[in-house]
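The structure follows.
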Ligand code: F6P
């Protein structure tokens with residue numbers, strides 16, 4: 001293998017830049033040439049790409065977002081779009097592709113390999129942490145820390161006014177961010193799509209807390225479990241407590257990556273290059289029990305990733 005390409009795809013995640021840096025520098029270290037594809041799979045189809053070198057990735061390890069930019073490509077969902085991209089691999093002499101993104105991006109990469117036989121390696125990067133085959137995805141740690149910082153601030157004003165706050169966090173169909181931020185942020189209730197919840201129980205717990213002299217209440221809601229506004233309306237209706245709703249939204253996607261995300265991104269990016277050099281065809285890199293591991297993309301896309309039920313119960317116990 002002489003020339004590899006890389007792209008970032010799907011929703012951006014803090015640490016993507018650290019991963020780009022690791023891929024480029026590790027590849028250059030081994031004497032490979034690197035092509036950076038811009039705007040995700042759209043740039044792959046439209047030949048929006050250029051060579052990268054050591055200085056292309058200088059001063060980015062600490063930056064949020066992605067210098068390659070990103071997109072959710074509808075065109076790449078079609079065989080015609082993928083065929084156009086394949087033409088560009090021939091034109092640019094690309095022999096392997098590294099895709100930094102989430103499950104939607106990996107599905108596209110897998111189809112691309114199956115149709116055109118060009119080796120692909122996925123690096124899991126999404127704040128949602130919803131990718132099987134890895135304990136943690138790039139961006140999750142930073143997003144959770146961002147959510148906790150917001151919860152801490154909201155707690156101050158909630159206490160002053162003796163209010164209940166509903167904080168809606170991202171995560172698409174999963175509750176990983178909500179569970180981690182809820183536990184670390186000391187939330188009374190955590191609503192996630194993976195577990196059923198009852199408004200009666202949530203309201204009872206809330207009232208119990210206020211009767212006991214609590215000055216505030218924090219409820220963290222994963223966007224996939226329910227809309228924060230709806231939760232706030234229902235709680236206010238049945239308890240009469242002054243309830244406010246904060247939707248954290250895209251601010252969870254921005255910001256300088258945490259040390260943990262930079263380290264994870266560097267390790268995963270470097271291993272992705274090694275995998276391509278060693279003849280991988282359709283793999284994903286991940287982390288399991290602290291070790292960097294490789295799994296087949298098929299497994300990463302078909303297995304389910306479950307939340308830590310013990311952690312969910314613990315959060316409940318600690319917020320009695
Ligand atoms: O997958 C990352 C994510 O931020 C989800 O948590 C969220 O549901 C979605 O992307 C939002 O997507 P967009 O930025 O396209 O609105």
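Using N, Cα and C of the backbone, Cβ positions are placed for all residues, glycine too.
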Among 3, 155, 233, 253, find me the residue TrEMBL lists at the same ADP site as 21, 22, 23, 24, 25, 186, 187, 188, 212, 214, 215, 216.
155
Taking TrEMBL at its word that 126, 127, 128, 163, 170, 171, 172, 244, 250, 251, 252, 253 bind substrate, choose the one of 223, 230, 274 listed for that site.
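TrEMBL lists 126, 127, 128, 163, 170, 171, 172, 244, 250, 251, 252, 253 binding substrate, and from 223, 230, 274 it also lists 223.
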Would you identify which residue of 11, 15, 31 TrEMBL lists as part of the ATP site it also attributes to 72, 73, 102, 103, 104, 105?
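Between 11, 15, 31, TrEMBL records just one in the ATP site with 72, 73, 102, 103, 104, 105, namely 11.
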Filtering 11, 104, 172, 214 (binding-site residues) by proximity to ligand 1: which pass a Cβ cutoff of under 6 Å to any of its atoms?
11, 172
Taking only C-alpha atoms and a 10 A limit, tell me which of 21, 25, 73, 128, 186, 214 are near residue 172 (substrate binding site). These are the recorded positions.
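Qualifying among 21, 25, 73, 128, 186, 214: 128.
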Taking every residue in the domain 'Phosphofructokinase' (3-276), what is their average pLDDT?
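Here the predicted model's pLDDT, averaged over the domain 'Phosphofructokinase' (3-276), is 97.
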Pull out the binding-site residues from the set 25, 102, 170 whose C-alpha sits within 10 Å of the C-alpha of residue 128 (active site, proton acceptor).
102, 170
